[in-house]
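Student: Feature table excerpt (Swiss-Prot):
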type	residues	note
DISULFID	C29-C77	disulfide bond
DISULFID	C43-C92	disulfide bond
DISULFID	C46-C130	disulfide bond
DISULFID	C54-C108	disulfide bond
DISULFID	C58-C110	disulfide bond
DISULFID	C113-C120	disulfide bond
CARBOHYD	N33	N-linked glycosylation site
CARBOHYD	N50	N-linked glycosylation site
CARBOHYD	S141	O-linked glycosylation site
CARBOHYD	S147	O-linked glycosylation site
CARBOHYD	S152	O-linked glycosylation site
CARBOHYD	S158	O-linked glycosylation site
SIGNAL	1-20	signal peptide
Amino acid sequence: MEMFQGLLLLLLLSMGGTWASKEPLRPRCRPINATLAVEKEGCPVCITVNTTICAGYCPTMTRVLQGVLPALPQVVCNYRDVRFESIRLPGCPRGVNPVVSYAVALSCQCALCRRSTTDCGGPKDHPLTCDDPRFQDSSSSKAPPPSLPSPSRLPGPSDTPILPQ
């Protein structure tokens, strides 16, 4: 019996990690419908737009001996294929570009956090509200402007993944 326990311990230590679950977690990482608040500094309006974002669970691993072995990279739900759409905010003063672009998720994947497509800093307290305090009451518009320009592909920031420290 002691030999069996020793062999089992050796097997666990040699793996270095264990899966959080053998069954896929539900709901898995996938595009979902979402309503986002859109505003721009200098424009006196905050509107909401309907889009798709990546959300859901990704399988992760954890070390059995966390103090002895280095941390494993953790994956998060990221955009795989994305297109960018643009809208024109109404009522922006002269000299302020009224065009705002936002991502539309076409497909998603579990991967290291990519700053070009993912907010790696954690959840926002109120993702459906505007940051400007003037727009946090019920007077903000809840519908997109009637005329939306055609979608455009915009260059994104560098695609540098965040690695664990």
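Cβ from N, Cα, C; glycine included.
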Student: Do me a favour and check the Cα-Cα span between C110 (disulfide bond) and C92 (disulfide bond); whole Å is fine.
Tutor: 38
Student: Reduced to three states, what secondary structure does DSSP give C77 (disulfide bond)?
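Tutor: The three-state answer is strand.
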Student: Any same-chain residues 6+ apart from C29 (disulfide bond) with CB under 8 Å of its CB? Would you list them in sequence order, or say none?
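Tutor: For C29 (disulfide bond), the qualifying residues are C54, A55, G56, Y57, C58, C77, N78, C108, Q109, C110.
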Student: Compare the C-alpha of N33 (N-linked glycosylation site) with the C-alpha of each of the recorded positions C43, C46, N50, C92, C113, and give the closest one.
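Tutor: Of all the candidates listed, N50 is nearest in space.
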Student: I'd like to confirm something. Which of the recorded positions, C46, N50, C113, has a Cα closest to the Cα of C92 (disulfide bond)?
Tutor: C46
Student: Let me know the DSSP-derived helix, strand or coil state of C54 (disulfide bond), please.
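Tutor: The residue in question, C54 (disulfide bond), is strand (DSSP, three-state).
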Student: What is the separation, in Å, between the Cα atoms of C113 (disulfide bond) and N50 (N-linked glycosylation site)?
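Tutor: Roughly 24 Å, rounded to the nearest whole number.
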Student: For C108 (disulfide bond), name the DSSP secondary structure in the helix/strand/coil scheme.
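Tutor: The three-state answer is strand.
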